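Noted in TrEMBL for the protein shown:
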| type | residues | note |
| --- | --- | --- |
| TRANSMEM | B:110-132 | transmembrane segment |
| TRANSMEM | B:181-206 | transmembrane segment |
| TRANSMEM | B:276-297 | transmembrane segment |
| TRANSMEM | B:317-340 | transmembrane segment |
| TRANSMEM | B:352-375 | transmembrane segment |
| DOMAIN | B:385-491 | domain 'TMC' |
| TRANSMEM | B:395-411 | transmembrane segment |
| TRANSMEM | B:418-435 | transmembrane segment |
| TRANSMEM | B:447-472 | transmembrane segment |
| TRANSMEM | B:493-518 | transmembrane segment |
| TRANSMEM | B:567-584 | transmembrane segment |
Amino acid sequence: MGNKQTIFTQEQLDAYQDCTFFTRKEILRLFHRYRDLAPQLVPLDYSDKPAVTLPYELIGSMPELKDNPFRQRIAEVFSEHGDGNMTLEDFLDMFSVLSEMAPRDLKAYYAFKIYDFNNDDYICKSDLEKTVNKLTRNELTPEEVSLVCEKVIYEADVDNDGKLSLADFQHMIVRAPDFL
Amino acid sequence: FCFLGGFDAEEDLVGSLASMSSNERVKAIQKMPKTMRQKREIRNKVLKEITKKSRHRGAQCTQGVAVSFQRFGNTLSECFQQLQPWHKTLKIIGAEFGTSVLSYFVFLKWLLNLNIFSFLINFGFITIPQFLAAEPNNLSFTGLELLTGAGYFQQTVLYYGFYTNATISKVENGPSYNMQLAYIFTVGIYFVISFLILLFSMARFFSRNFVKLTKAFSVNASKLLCTWDFNITNEKAVKLQQKNLLTQIKEDLTEVNKEVLNFSVKERVGRIATHLLAWVVSLATAVAASTGVYFLSINNLELFMKGYSNDLQRQTAMLVLPVIVSLLNTLIPFFFSWLGHLEKFQTPGQHIYVTIIRNTILKMSIVGILCYYWLNIVATSESQCWETLVGQDIYRLVLVDFIFCLLGSFFGEFLRRIIGTTVCVSLGLPEFDIGRNVLDLIYAQTVTWIGILFSPLLPGIQMIAFLIVFFVKKVSLMRNCQPPRKVWRTAQMTTSFIFLLFCPSFLGVLSVIGVTVWRLKPSEECGPFRGLPSMYASVDEWIQILESYTVSKWVVWIYHNLISSELFFFIISTVVLIVIYLYWQIIQARKTMTKLLRNQILN
């Protein structure tokens, strides 16, 4: 249980353990997963904080994300510049929030950002339409999609401004025990 | 101005974080919805602040100690996580089949832990002391005993009858161990602890999931945005989930048009009549099954009391009752689900609930009639050691139920898959039937709980059975089943199952144990309570002995005035009712407040 690894300094590992929900072993395992995506780009020594970014195509090909209909939005939300290309810290952040140890309101906050396609801090009707299409593989007609979105806004919009804010979304999550 | 305002907010945040204990601080930082870089900056600022403060007070070394202590705590929690078995297996099941199937395996693991705990308690406090005062066993061992539990096992620690009623002491005038008190207190304290565990689990589930049951508010919105199972990583399962959601949305949209259509009076009467008829048929089936079991068991007892013809014949005849009970428990649920298909329910959720309620009524009535038979007929028969007889019956029941569970998995999943892929391809792969399997688990656990008093090592046997069931079900699931196609509200269902485990199952067991301990006369010649008028009389005797010592007068006082006085329980019940009424009024007031606030937001 000593410092047998040479990838991170002890201070870095302590910081990662404090800022994510992972243990030391899990952080090292995640680092190796990150590195396996592109071994030639990622160095084995992170103590001097290299600025390495992996492109979205590699992240999106991971088996955990490859079948998720929202993988592109997830990568965009957690990446530094919103383009889907992730550094190691973004990577650790993403898996920390998606893990089972993260509390529900943290997940709700990020879920809101994932569903907010145009990044304006509100889920408007066009965001909802894109969500519905992703969830049903584009198999509903546009009229049906529109009808569903109107119903959702009608039900969940508490302050009556025609779009869902973070507060509306969190209000809905509290009443939905199946939210994972 | 904004820059200054933001700076102040961050200063406040750093200040408040620095004043927390290190555990709380780590948790608070983990929960912040910021990027890793921002969190690390804040963390560095907080650490600098703490060093500044400690330099003021000159306590620098304590910070170093705190850091190394935290690192030690981290490694300790890592080791503890390693000890959790099946963590990886459960993750794989959740990824391939979704959270609904995962909930069955989590429930099984929880019951397994409960049984391990009960086995350790019984083994430690009752069986090990008994080994020191064991009588020799003269009976021969043939292989059939493993199945019937009789014969050689009758004179072992497996059953109540073997335990001595003496006070065991290894050394003359040394510390002694009163077996009577040990037996009754171990069983009693185990049930109290289980009661508390079940109560807290149920309360936790209710508090999380009950909010949904109050109103059908925002059903569509939550269905769209909150029910996507992000755990699933299997492509086929994802496609199935999408298709599921599509079907649900389409149904909802067509229902919008159907809502206008009201059922005519004639149709409504017809529907109610169908439902009533189905309920009458199911209740009649349950009653018929119970009566059949009752007469069969009376017959069994007569056969046991008189026929000593052939040992092998007698032993196999004893297996008839458990096999019939397990057959009834396996076949009648299929009949119930067929009945449910005939009645047209308005939502599939109603169908699932009604089927579960009917199955529970069936299983609980069978268990109930068996308890009645054991406590009223076997206990008053002229057999030598009725508790051991009951223990043997329960052992056989548990074992045959376990065998039927494995057979059910074999036929229901393995053969069905072969039929579905080769002979009759339209059927497809089978699905894992969560409801039926969970009810089987609850039934097995109920029988084990009843048997603890009569056969202290039964939880150990059930523990091994659950382990084997876990592996068999997991392998069968991975090889034979496909991800579920129907909607299954996991959180609601898990709450209902824990409630079922508590309410008919555990409370029923408590009442059975209560009747046994307080009312029934233990047998004269065997067991730790031989010769006493009831099992509880041993506690009375002990209190009388304690009265003669002045040191323990307070125990006697507590016993006479708190535990066995009715006035005390009356006062406690009144206080509890008053507290419940006050909380209810507070909830009503909060509801009015929520309504007022919501109106304020709207305007």
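Glycine too: its Cβ is placed from the backbone N, Cα and C atoms.
Counting Cβ pairs under 8 Å that are 6 or more residues apart, the transmembrane segment (B:493-518) and the transmembrane segment (B:352-375) reach 3 or more and are in contact. Residues 320-321, 324-325, 328, 332, 335-336, 339-340, 342-343, 358, 361-362, 365-366, 368-370, 372-373, 377 of the same chain, all 6+ positions outside the transmembrane segment (B:276-297), place their C-beta atoms under 8 angstroms from a C-beta of that stretch.
Across the candidate stretches B:110-132, B:181-206, B:317-340, B:352-375, B:447-472, the maximum count of CB pairs under 8 A to the transmembrane segment (B:418-435) is reached by B:352-375.
Taking Cβ pairs closer than 8 Å, the transmembrane segment (B:317-340) reaches residues 147-148, 150, 278, 281-282, 285-286, 289, 292-293, 296-297, 300, 303-304, 307, 351, 354-355, 358-359, 362-363, 366, 370, 392-393, 396-397, 399-401, 403-404, 408, 436, 439-440, 443 in its own chain, all 6 or more past its ends. Among residues of the same chain six or more beyond the transmembrane segment (B:352-375), those with a C-beta under 8 A of the stretch's C-beta atoms are 282-283, 285-287, 289-291, 293-294, 297-298, 325, 328-329, 332-333, 336-337, 340, 345, 390, 393, 397, 435-436, 439, 442-443, 446-447, 450, 488, 493, 496, 500, 504-505, 508, 512, 515-516, 520. The domain 'TMC' (B:385-491): residue composition by secondary structure is 81 helix, 2 strand, 24 coil, according to DSSP. Averaged over the domain 'TMC' (B:385-491), the predicted model reaches a pLDDT of 87.
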